[in-house]
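According to TrEMBL, the protein has these features:
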TRANSMEM  12-30  transmembrane segment
DOMAIN    49-302  domain 'Xaa-Pro dipeptidyl-peptidase-like'
TRANSMEM  322-346  transmembrane segment
TRANSMEM  367-389  transmembrane segment
TRANSMEM  409-431  transmembrane segment
TRANSMEM  452-476  transmembrane segment
TRANSMEM  496-520  transmembrane segment
TRANSMEM  532-556  transmembrane segment
TRANSMEM  568-593  transmembrane segment
TRANSMEM  600-617  transmembrane segment
TRANSMEM  629-653  transmembrane segment
Amino acid sequence: MNEKKLSRPLISLIVSIALIIVGIAGSFILQTNSGKTTIRNVTIESESGHTLAMDVYIPENATAETPAPAIFVQHGGNNNKEEMQHYCIELARRGYVAIGVDMYGMGESEPLPDSEWLTQGRGLYDAVRYGVTLPYVDTDRVSLLGYSRGGKAAGEALQCDNDSLNVVKAIFLIHSDPIVRNSEGYTDVYGARDVAVLADKNDEFFFSEKANDNGTYSNDANKYAANLSSPAEYVINNSAQSFLYFGIDPATTSEQRVAETVYEQDYGGKTGSRQIFVSNETHMAGWWSPLVMNRVLTFFNRVMPTSTALSASSYTYTIWNIFKIIALSGLLLFAGSLMVWLVNSVKTFQCADNGEQDLRPVGDKNAVAWFWGIQIISAVLSILIIRFLNKQGLASYRDALFHSANPAYHGLISLLCGALTLVLCTVWYMAYGKKHGFSFRNTGIAISGHALLKSIGAALLAVFALILMVFAVDYFVDVNFLIVYWGFMKFGANRIPGMLLVVPMYLVYYIVMSISVNSFNFSTALGKNKLLSNLLISFIASVPTLFVLCYVYGIFKATGSNPMFGGLASAATAVYALPGFIFVAILICRLLYQHTGNPYLGGIFCGVLAAVSEWGICEIRVHTPGTQYAGTALVYALIAIGFVVTIACAVLLKKNNAAVQAHK
């Protein structure tokens, strides 16, 4: 029996390490183009006096004797340069020096106060100033590529370039508006440059404007007021037409210009071009879409051709992502197997092991009705919680304590939904479970203080081992475990306080959810097959956030209006990563419980991991002294309510269980 317990987690550990090796090796080979691309991690003190981080992708054709064109690649909001790594990989394969830049306050670049955040195009132009000093960069062929907020940064960097070096020759904006107005009206800030925009028809941030708007239009103005036009109509709007007409007021033009066509204009011996590509995608497609990649490569091949024979449809980044998924899967399997091995086989931790679990038979039709009733009520109320927080604008909330919006917002969702789940579990126990002999001890809820400490220790050891693996792989082969917005990468010590601040909120959610899906619901209510039951309960847990995405984008697609969008408070964008993360996390909780009977092990592990993952990649904004943030009282009131409700339910359950045990 002991031999069987020992062999299973050890076999899983061996398999996990094999997956990691295969995934990392494949990723490394593809991102370096089989050794033909050199990647240098560069951190400088910029001319603005701030720490700026970049990754420089140098193809073998780029030398001091034969300098190559350079493209500075800027990521979107609340992310980092790794978000755009696939563009750098594909551009370097085609002979471009690709420089991925961390905006100030993101990735490894220095966080700045709001009053300084826009310094030098949020850091992008400081990167240009550095990049043009590199001997293998052709300073006559320098371009910018920006996605979302990175597109706005490109516009700001361009205006810096107009006042400074004047080296930028081309710009491609992915899912980001071009600048078409200043305080005096329509304008042409791009001049004799080649500029293209990729406009997605289902964008929640850009490409819409007020009908017949005569007001000043900047990169941010009039975006989310009443009576917006649909992004699907962007090309016929005034801003797009002015862009295609090189800054002319559309009212003075004779015919409407169209998408996909390249329009050129002479600037005294130099030629500038304008082009708008259109896609039937969403804003987030910039993270992964082959169509977006195709348009980017097509544009740069037109305006800054290299000697490459690769077509714009010849990609390796899709296969690279598959290897990254293999590596990430191996990493999670490694951490999970380590926990199971610790509690199954290491004497120090064995008190946290309650043994292998089988699905418990569901009692009767009433038990099934209770199960589905609670799942439905939980999903509906969780959706309403997200809607309420979104309506309060808390998806973009920051203050002097919470320096990043996404971890704070997701932490609030986690805390309140966790408290809600515990309330529903308490109602079930008081109304049904207690009367039908539900046992806290037999299901792992009742745990000694000693066993709980060992559970915490095993979970934290697994988290530490996972982080150590991430840092070691990055150090030795410069590969991360990040797929778009999911996964892990190395982080600076300045991010640890933020992780510690939000981790209690995540712990409430994942511990409560682990108890709910395991101790209360590890049953045959979803069938007798363990794997299928695990997958279904994990999917059910992800339904609220998944519904928000489907509802918002579905209504938006059907009507052209957005029922939950609103500037940076866009619920759809803010919860984009949650369905996938929750699904995987609950599946991990379920599998750990299946092999240990301990609901706390997975809850603690996933709660800490959520904080590490979120804070590992989010933006950091430094509070400007003397400024106030709206919604502070509400945020802290909600946090207090969440913890008070959680503690009250836990105390009530403990007292009732003690009374039941005393009665027996």
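Glycine is treated like the rest: Cβ placed from N, Cα and C.
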Checklist outcome for this item: In the same chain, residues at least 6 away from the ends of the transmembrane segment (367-389) whose Cβ sits under 8 Å of its Cβ atoms read 395, 409, 412-413, 416-417, 420-421, 424-425, 428, 432, 436, 521, 523, 525, 540, 543-545, 547-548, 564, 571, 575
Checklist outcome for this item: Sequence-distant residues near the transmembrane segment (409-431) by C-beta distance (under 8 Å, 6 or more away from its ends) are 370, 374, 377-378, 381-382, 385-386, 389, 394-397, 438, 502, 505-506, 508-513, 515-516, 520, 544, 574-575, 578, 610, 614, 635, 638-639, 641-643, 645-646, 649-650, 652-653, 656
Checklist outcome for this item: Under 8 Å Cβ-Cβ from the transmembrane segment (322-346), and at least six residues away from its ends along the same chain, one finds 2, 5-6, 8-10, 12-13, 15-27, 30, 352-353, 454-455, 458-459, 461-463, 465-466, 469-470, 479, 481-483, 486-488, 584, 588, 591-592, 595-596, 598, 601, 605
Checklist entry - Same chain, outside the transmembrane segment (629-653) by at least 6, Cβ under 8 Å from its Cβ: which residues? => result 392-394, 397-400, 402, 408, 412, 415-416, 418-419, 422-423, 425-426, 429, 440, 445, 504-505, 508, 512
Checklist outcome for this item: Residues outside the transmembrane segment (452-476) whose C-beta sits under 8 Å from one of its C-beta atoms, at least 6 past its ends, are 20, 24, 331-332, 334-336, 338-339, 342-343, 348-349, 351-352, 488-490, 598, 600-602, 604-605, 608-609, 612
Checklist entry - Residues of the same chain, at least six outside the transmembrane segment (532-556), with any C-beta under 8 angstroms of its C-beta? => result 202, 204, 282, 359, 375, 378-379, 382-383, 386-387, 417, 513, 517, 521, 524, 526, 562-565, 571-572, 575-576, 578-580, 582-584, 586-587, 590-591, 594
Next on the checklist: Below 8 angstroms Cβ to Cβ, which residues of this chain, lying six or more residues outside the transmembrane segment (568-593), approach it?
Outcome noted: 77, 204-205, 283-284, 332, 336, 339-340, 357, 386-387, 390, 393-396, 405-406, 409-410, 413, 444, 485-486, 510, 513-514, 517-519, 522, 534-535, 537-539, 541-542, 545-546, 548-549, 552-553, 562, 599, 601-603, 605-606, 609-610, 613
Checklist entry - For the transmembrane segment (12-30), what are the same-chain contacts with Cβ under 8 Å, counting residues 6+ beyond its ends? => result 89, 316-317, 319-320, 322-331, 333-334, 336-338, 340-341, 469, 473, 477-479
